[in-house]
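Working notes, beginning with the structure itself.
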Amino acid sequence: MFPRVSMRRRSAEVSPTEPMEKGNGKNQTNRICLLVALSLFFWALLLYFHFVVLGTSNIDKQLQLQPSYAQSQPSSVSLRVDKFPIEPHAAPSKPPPKEPLVTIDKPILPPAPVANSSSTFKPPRIVESGKKQEFSFIRALKTVDNKSDPCGGKYIYVHNLPSKFNEDMLRDCKKLSLWTNMCKFTTNAGLGPPLENVEGVFSDEGWYATNQFAVDVIFSNRMKQYKCLTNDSSLAAAIFVPFYAGFDIARYLWGYNISRRDAASLELVDWLMKRPEWDIMRGKDHFLVAGRITWDFRRLSEEETDWGNKLLFLPAAKNMSMLVVESSPWNANDFGIPYPTYFHPAKDSEVFEWQDRMRNLERKWLFSFAGAPRPDNPKSIRGQIIDQCRNSNVGKLLECDFGESKCHAPSSIMQMFQSSLFCLQPQGDSYTRRSAFDSMLAGCIPVFFHPGSAYTQYTWHLPKNYTTYSVFIPEDDVRKRNISIEERLLQIPAKQVKIMRENVINLIPRLIYADPRSELETQKDAFDVSVQAVIDKVTRLRKNMIEGRTEYDYFVEENSWKYALLEEGQREAGGHVWDPFFSKPKPGEDGSSDGNGGTTISADAAKNSWKSEQRDKTQ
């Protein structure tokens, strides 16, 4: 039985190692839990110390550093910085600042944002006080101060227009005029065929049979030689639009509807307004050239019978400056430039030689006139002028009429002008005549009868004091036969005549267009004078925009002709002795009923000028 008892006892006993093994398993588990708890507690203390204690200390240091940075800067600018949405740290002793307005010397850049694909980062809005508004043309203005840059303040940016606005017209040159084959006049960069010096009237070089309406292509080709062209429009003092506006309208003035006449102008404006360069000043720094009178571009209505196109009445075009051979006295967006003459020198020496020759000529005629009467125009004084020339022993007349005439030969015209002390320049079909520039090129003192023929037209190229180079006889004095032109001119002392003639000869360089394939070195030609005038105009406008002022007080566009005559410092145009010459007729006084009598008359004059072109064509 013992063995059985022993066996039962054994089964009831526990091995001495068994409780130890069980106890060891529990102790091991407890140790692991304790180590994990200690580790978590340690890292919690470490993180708390780093982010709370050290973080608060760094913020305090940054706040203490900001005043010293501000004090180190020379100027003070107040700015408002919009706050970022950030989570504040749990630091009860340091609540987040409530005031977003900070006064510092220079803007403090915000911290770099964390990239977030779900939203677009927007930097803080900074509104500066005490500082003038920034304009996109500031960089161009600053080039003037760069004394090491010979082109500083003179850069021109040229739009790269589609060829339909210029070169394509030349390829289709037979359609440029209804009566004249313009193809030969577009040769030699727009100068036309060379003139032979058979009669010794011209010099041996630089003379061409130039069409009076060829300025479009001459000017554009001359621009290609301009020394200060730039491809960076932000540097440009002005922006040139090489649109052949005169050639364009010449194609469609007769026999085409207004839609066709307006098409190219509308397309041009649409093209320009889509360009980034337009946004700089909304076109106020843009300029273009048209070798025709302004009335070809100022159609007043949508009537098919009305004359010309409406380029200069388009809102966008009103911002641009258009250079024309005759401008409107009542509008502010066009400016007169000289008609082209026959002389286009390639070198300064050619200019000097011609001037010396004009000084030494013997002039046997007191006065002369080249032209035809205007029997259809009751206000024209040409008939009286022709009569006075015929009845004078010291007057010379070169009659121009239909058919063959010496008046159509450049050598005959220039020879007469070279033989005269004074050259009579009444109005043509419109205010101006090419003849005025041909005569001054010959050293002949011009006699004008209307201020719109020169004095209010070519203010960039002619002296403001017109008495230094010309004689003015009011039209009414001739029309009412109150004056003898011969007696009036004989009253001028010989010494004064000599001074006036010298002044005219000195003006020659700025009245002619140099050969577009070259450039004069020391002399400024009509192109140079025109470009500089445009740059000056744009520069004044930009400076006025920065200063928040206007150039004139109470500007009245209908009195545009007066402003160029103001003395420096004058800001308002009042009454003028020439007001009667530019007063618009009231409705009905000129046969019109639209209240635009003066413009209507000028449009009729434009039509007549085309008839004269048919008569005076040189083929």
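The backbone N, Cα and C atoms fix where each Cβ goes, glycine too.
The annotation topological domain 'Cytoplasmic' is assigned in Swiss-Prot to 1-33.
The region 'Disordered' annotation in Swiss-Prot covers 1-26 (among others).
Positions annotated as transmembrane segment by Swiss-Prot: 34-54.
Annotation comment: Swiss-Prot describes 55-619 as topological domain 'Lumenal', evidence class a curator's inference. Averaged over the topological domain 'Lumenal' (55-619), the predicted model reaches a pLDDT of 84.
Per Swiss-Prot, N-linked glycosylation site is recorded for Asn116 (among others), and the stated evidence type is sequence analysis.
The annotation N-linked glycosylation site is assigned in Swiss-Prot to Asn146 (among others) on the grounds of sequence analysis. Sequence-distant contacts of Asn146 (N-linked glycosylation site), defined by Cβ-Cβ distance under 8 angstroms and a gap of at least six in the same chain, are Gly152.
Feature annotation from Swiss-Prot assigns N-linked glycosylation site to Asn231 (among others). Cβ neighbours of Asn231 (N-linked glycosylation site) (same chain, under 8 Å, six or more residues apart in sequence): Tyr157.
Long-range Cβ contacts of Asn257 (N-linked glycosylation site) within its own chain (separation 6+, distance under 8 Å): Glu304. Sequence annotations record features per position, and here Swiss-Prot assigns N-linked glycosylation site to Asn257 (among others) based on sequence analysis.
Annotated N-linked glycosylation site per Swiss-Prot: Asn319 (among others), in sequence order. Annotation note: Asn319 (N-linked glycosylation site) sits in a helical segment as assigned by DSSP. For Asn319 (N-linked glycosylation site), the same-chain residues lying six or more positions away in sequence with a CB closer than 8 A to its CB are Met281, Arg282, Gly283, Lys284, His286, Asn333.
Among the features that Swiss-Prot reports, N-linked glycosylation site is placed at Asn465 (among others). When Cβ atoms from all protein chains are considered, those within 10 Å of Asn465 (N-linked glycosylation site) total 10, not counting its own. Following the DSSP three-state reduction, the secondary structure of Asn465 (N-linked glycosylation site) is coil.
Other Cβ atoms within 10 Å of the Cβ of Asn482 (N-linked glycosylation site), summed over all protein chains shown, number 10. Look at Swiss-Prot and you will find Asn482 (among others) tagged as N-linked glycosylation site.
Annotated region 'Disordered' per Swiss-Prot: 576-619 (among others), in sequence order.
The feature compositional bias 'Basic and acidic residues' is assigned by Swiss-Prot to 610-619.
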**Rounded distance in angstrom between the Cα atoms of Asn465 (N-linked glycosylation site) and Asn482 (N-linked glycosylation site)** = 25
**Message:** Through the lens of DSSP with three states only, how would you label Asn231 (N-linked glycosylation site)?
**Reply:** coil
